[in-house]
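This report refers to the structure that appears directly beneath it.
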Amino acid sequence: MRVWLASLFLCALVANSEGGSELEASDESNCGCQNGGVCVSYKYFSSIRRCSCPKKFKGEHCEIDTSKTCYHGNGQSYRGKANTDTKGRPCLAWNSPAVLQQTYNAHRSDALSLGLGKHNYCRNPDNQRRPWCYVQIGLKQFVQECMVQDCSLSKKPSSTVDQQGFQCGQKALRPRFKIVGGEFTVVENQPWFAAIYLKNKGGSPPSFKCGGSLISPCWVASATHCFVNQPKKEEYVVYLGQSKRNSYNPGEMKFEVEQLILHEDFSDETLAFHNDIALLKIRTSTGQCAQPSRTIQTICLPPRFGDAPFGSDCEITGFGQESATDYFYPKDLKMSVVKIISHEQCKQPHYYGSEINYKMLCAADPEWKTDSCSGDSGGPLICNIDGRPTLSGIVSWGSGCAEKNKPGVYTRVSYFLNWIQSHIGEENGLAF
């Protein structure tokens with residue numbers, strides 16, 4: 001009872017002090033107030049000091065800026081309240097037991113200067129690309145970039161290109177246009193690669209369906225033949241930043257398909273697929289489009305009717321089978337190099353004859369040892385045009401895999417630029 005009365009008396013004194021009886025402490029260093037906060041003590045308890053924060057700031061030291069909804073630069077000075085990663089998963093508090101085992105936590109001697117404290121707000125204490133936090137995934141804690149916007153992107157874009165901070169065709173790793181044959185790779189080599197999965201019932205993991213390419217922050221280009229038998233957008237989920245299929249990849253983003261557009265003149269009545277192009281509009285569960293990162297980037301579109309010269313080396317990427325006799329798709333992303341073949345050669349009778357038209361591109365390994373195969377459908381054919389990686393083709397069809405005189409056939413993207421723009425619109429972030 002005495003304890004309760006004492007507590008009540010203390011609360012009354014504190015309440016009274018809030019009404020105007022607070023006194024400024026003579027030594028503000030004892031509080032460590034930031035952002036214009038004033039160190040104050042109570043009239044009857046002068047040894048108890050705290051920070052009185054200006055409007056818009058809160059926290060023990062007024063270190064949290066409640067008005068900040070975006071970050072500047074790389075966000076090292078960000079002190080806002082974003083507290084989820086790019087997939088909407090909650091951040092761990094910097095003073096939580098799990099985080100205390102990590103390098104950056106609230107118990108560091110420099111925690112206050114780094115923005116760390118008794119909260120779970122996103123920070124960038126180690127000068128990374130953007131604000132991040134620790135997220136619990138299974139039994140482990142992972143560093144995850146946060147769902148918070150770059151302030152420079154909140155301004156109205158000056159053009160239709162690069163409106164989300166992307167730089168099309170830019171890789172985190174050095175370009176690899178000289179490899180011979182296929183090899184397993186990481187998505188940093190093809191950061192525009194999109195993995196499209198078909199949802200399964202009963203809670204089982206989704207099944208890999210096709211590849212695609214991120215052509216703007218909200219749009220993925222793929223092949224119509226991937227979806228004609230199951231055209232409902234709700235049946236698909238799209239991942240960016242995946243190096244391993246059906247596995248968690250740090251930095252990956254998951255999207256629902258908001259809109260699925262199949263080409264109205266698609267035809268598969270013969271061996272060939274005609275007008276084999278599709279567009280998927282993607283959004284996260286929180287309504288976000290793709291965010292640029294080391295593993296996620298857009299790919300440049302080609303000039304109108306501008307294609308790589310015949311004989312050019314181009315890259316193909318996917319989770320497709322390594323041969324026509326394989327039953328399972330590989331777990332790791334694979335990249336190969338093929339050469340563009342002329343229409344005249346590809347239309348030869350011992351190639352594909354009259355099945356080839358001007359809306360298609362042919363490409364193959366001169367040794368016929370590597371090729372796109374089942375499971376690579378919809379994925380990118382990336383060629384160097386005017387010094388930058390460009391989406392020249394979309395994996396469409398072919399006879400077998402790496403068969404002699406049977407090159408892979410790709411949708412010629414430069415022919416379909418008007419179709420793409422007519423469906424996406426002008427303010428789209430496309431880069432040509």
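Glycine residues also receive a Cβ, built from the backbone N, Cα and C atoms like all the rest.
The record in Swiss-Prot lists a disulphide bond between Cys91 and one of Cys39, Cys51, Cys133, namely Cys133. Swiss-Prot lists region 'Binds urokinase plasminogen activator surface receptor' for one of the ranges 10-33, 34-57, 322-345, namely 34-57. The two recorded residues Cys39 (disulfide bond) and Cys51 (disulfide bond) have their Cα atoms spaced 5 Å from each other. Ser377 (active site, charge relay system) and Cys383 (disulfide bond) are 17 Å apart (CA-CA, integer value). Cys151 (disulfide bond) sits 19 Å from Cys133 (disulfide bond), counting Cα to Cα. The predicted model assigns the domain 'Peptidase S1' (179-425) a mean pLDDT of 87.
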